[in-house]
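As recorded in TrEMBL:
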- Cys345: active site, thioimidate intermediate (ACT_SITE)
- Arg444: active site, proton acceptor (ACT_SITE)
- Asp287, Ser288, Ser289, Gly338, Met339, Gly340: NAD(+) binding site (BINDING)
- Gly340, Gly342, Cys345: K(+) binding site (BINDING)
- Ser343, Asp378, Gly379, Gly380, Gly401, Gly402, Tyr426, Arg427, Gly428, Met429, Gly430, Gln457: IMP binding site (BINDING)
- 127-187: domain 'CBS' (DOMAIN)
- 192-250: domain 'CBS' (DOMAIN)
- 1-22: region 'Disordered' (REGION)
Amino acid sequence: MSGKVANGALPNGSGEHEGAEDMDLMDDGQTIHELFDGKIGLTYNDFNILPGYIDFAVHSVDLTTHLTRRIKLKAPLVSSPMDTVTESEMAIAMALHGGIGIIHSNFATVQDQVNEVQKVKRYKQGFISRPQCIKPTDTIRDLMRIKAQFGFTGTPVTDTGNVGGKLLGLVTSRDVDFISEKRWGDLIKDVMVPIEKLITAEEGTTLSHAYETLEKEKKGKLPIVNKKGELTSLIARTDLKKARDFPHSSYDEVGQLRVGAAISTRETSREAVRALVAVGVDVIVIDSSQGASLYQIELLKWIKSEFKESPQIIAGNVVTVAQAKMLIDAGADGIRVGMGSGSICITQEIMAVGRAQGTAVYQVSKYARSRGVPVIADGGIRDVGYITKALSLGASCVMMGGLLAGTTEAPGEYFWGPSGVRLKKYRGMGSLDAMEAHTSSNDRYFQNESDAIKVAQGVTATMRDRGSIHKYVPYLVRGIQHGFQDIGVKDLFTLHANVLNGSVKFERRSPNAQLEGGVHSLHSYDKRLF
Ligand SMILES: NC(=O)C1=CN([C@@H]2O[C@H](COP(=O)(O)OP(=O)(O)OC[C@H]3O[C@@H](n4cnc5c(N)ncnc54)[C@H](O)[C@@H]3O)[C@@H](O)[C@H]2O)C=CC1
Ligand SMILES: O=c1[nH]c(=O)c2[nH+]cn([C@@H]3O[C@H](COP(=O)(O)O)[C@@H](O)[C@H]3O)c2[nH]1
Ligand SMILES: [K+]
């Protein structure tokens, strides 16, 4: 589609084309280098990608990418190491859909973070690893409350009221449905099916065996116990029936889901690294807003010399080529780009330091590619089109906080906002709220007298309910595939190559063009996305 055409070849039917000048098709739009050659920082909203030619179906677009030098993913999506975004539930869901989650480090102890990594590594589809339990001395009223809140129909009874406690019985709807409200003060132990009469399975049982048992016994729930009789998980027949295939899941060499974990640049991180490596963490993210520091470089070199093979290390954050060079020289396997672009970030306002995210991703990716190191574009992803734009600028993956914070799998409970909207809390890791959460994060900030004055770099916010990752991430993936189809590229490798050789074109958009590109001129509208 390149080359020259005569103006008159356009179907204007007027016959006035005689002698018309040849027009250079390649002159239309800007190459990426032209887009960024002005000395002004651009971000995703400042440009469009121009359409190409479609000769393939949307589902055939392949989003396989590199997270780090050695780790490949089928979807270029990473969840942020933030305490309102990624713990095990989020990481499991992200990995099942081909991305990866990075467990945050704002726990009371390193062991708490290690436990979250282990939950991902031990995850097996169909097994509910944190079933809601009840104590024998609780009442029917307590059970009704659980039922109303979570909708469960079968609840295991353990001595502690938690998973891990000794299994004493199971109480189902059938056991309590016909008990009148007057008797709701009765104790669970008097209505439950006691352990002697319960069908259970031993740890290590396979899903297919569990399914056969449930079918044969006509039961809905199968508690899984260890040798000591402690409840380790629960299998629900309804879950097994709807057990899905996740053809793109991110698995490690031994078939466990992949997961990452964040660490700070403090001395104590060496202990964390040892513990995380011991439970098989795939990737460690050194978490800092300004990655070009002596602390980070020394830590990075230490990890690389101590653990030659695994794990992979993502260093950052950076926004300039000089910063990226220091971290790549020190051994980084991936580079995280973004300073102040996040939805909850106030770094550019407070520190006066940072960079427009589009320019940062373009500049750092151009350099990192020459060193064979993938870039993760972190922060400022407001919607699915922003992901496609970040990838077009050279990123191999995007990292998202806010976009995922309102989902079911994000830590924290939903609550109702003043206008009747269902919300979840979302906060910056540099917000006072997050800094004050644990002593470990406190000492990061207030380790000596000179650090006693707090300077917040983030805010505390709320996010609208976005439903489950199991619906949202497939929507994101399909949205990116549609973007690629419009651009006319079938995979990420081709996108990067065609952007660099100038066949994928861009265009800077004026403030008015930005308004035009959004929803406008309507009395009211309803924005349903999927
Ligand atoms: N991507 C972004 O734009 C931003 C992200 N954040 C997030 O907030 C959290 C905190 O970020 P930062 O404040 O950059 O954390 P940081 O731990 O890198 O820096 C906090 C302070 O501690 C100092 N420090 C770090 N390691 C040290 C060591 N070993 N010895 C002595 N002093 C040391 C630093 O120089 C700095 O003054 C992170 O989760 C980060 O991702 C915060 C601001 C911006
Ligand atoms: O200036 C900041 N102050 C903070 O307190 C803070 N906490 C997180 N982050 C960074 O923001 C990213 C998530 O951004 P989004 O919500 O836009 O996806 C994350 O992935 C981080 O890079 C912070 N930046
Ligand atoms: K910001």
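Backbone N, Cα and C atoms are what each Cβ position is placed from, and that goes for glycine too.
Counting only the Cα atoms, the space from Gly430 (IMP binding site) to Ser288 (NAD(+) binding site) is about 10 angstrom. Considering other CB atoms within 10 Å as the measure, the emptiest surroundings among the binding-site residues Gly340, Gly342 are those of Gly340.
Counting other CB atoms no more than 10 Å from each candidate's CB, the binding-site residues Gly401, Gly428 peak at Gly401. In this structure, Cys345 are the recorded positions from Asp287, Gly338, Cys345, Gly401, Gly430 whose C-beta falls under 6 Å of some atom of ligand 3. Assigned with DSSP, the residues of the domain 'CBS' (127-187) fall into helix, strand and coil as follows: 18 helix, 17 strand, 26 coil. Other C-beta atoms found within 10 angstroms of the C-beta of Cys345 (active site, thioimidate intermediate) number 24, with every protein chain shown included. When the binding-site residues Ser288, Met339, Tyr426 are checked against ligand 2, none has a Cβ within less than 6 Å of one of its atoms. The DSSP secondary structure for Cys345 (active site, thioimidate intermediate) is strand. Taking the centre of the Cβ atoms of Gly340, Gly342, Cys345 as the K(+) site, the nearby residues of that chain (Cβ within 8 Å, site residues left out) are Ser289, Gly338, Met339, Ser341, Ser343, Ile344, Ile346, Thr347, Gln348, Gly354, Gly379, Gly380, Gly428, Gln457, Gly458. Looking only at the domain 'CBS' (127-187), the predicted model's pLDDT averages out at 88. Among the recorded positions Ser288, Gly340, Gly342, Cys345, the ones whose Cα sits within 10 Å of the Cα of Gly428 (IMP binding site) are Gly342, Cys345.
Filtering Ser288, Ser343, Gly401, Tyr426 by Cβ distance to ligand 1 (under 6 A) retains the following binding-site residues: Ser288. Listed in sequence order, the residues of the same chain lying 6 or more apart from Met339 (NAD(+) binding site) and placing their CB within less than 8 Å of its CB are Ser289, Gln290, Asn317, Val318, Val319, Thr347, Gln348, Val353, Gly354, Arg355, Ala360.
Counting only same-chain residues six or more apart in sequence, the Cβ atoms lying under 8 angstroms from the Cβ of Tyr426 (IMP binding site) belong to Met82, Thr84, Val85, Ser343, Ile344, Gly401, Gly402, Ala405, Gly406, Ala410, Thr460, Ala461, Thr462, Met463. Less than 8 angstroms from the CB of Ser288 (NAD(+) binding site) sit Ser264, Thr265, Tyr295, Gln296, Gly316, Asn317, each of them six or more residues away in the same chain. Looking only at the recorded positions Gly338, Gly340, Gly342, Cys345, the one with its C-alpha closest to Gly379 (IMP binding site) is Gly342.
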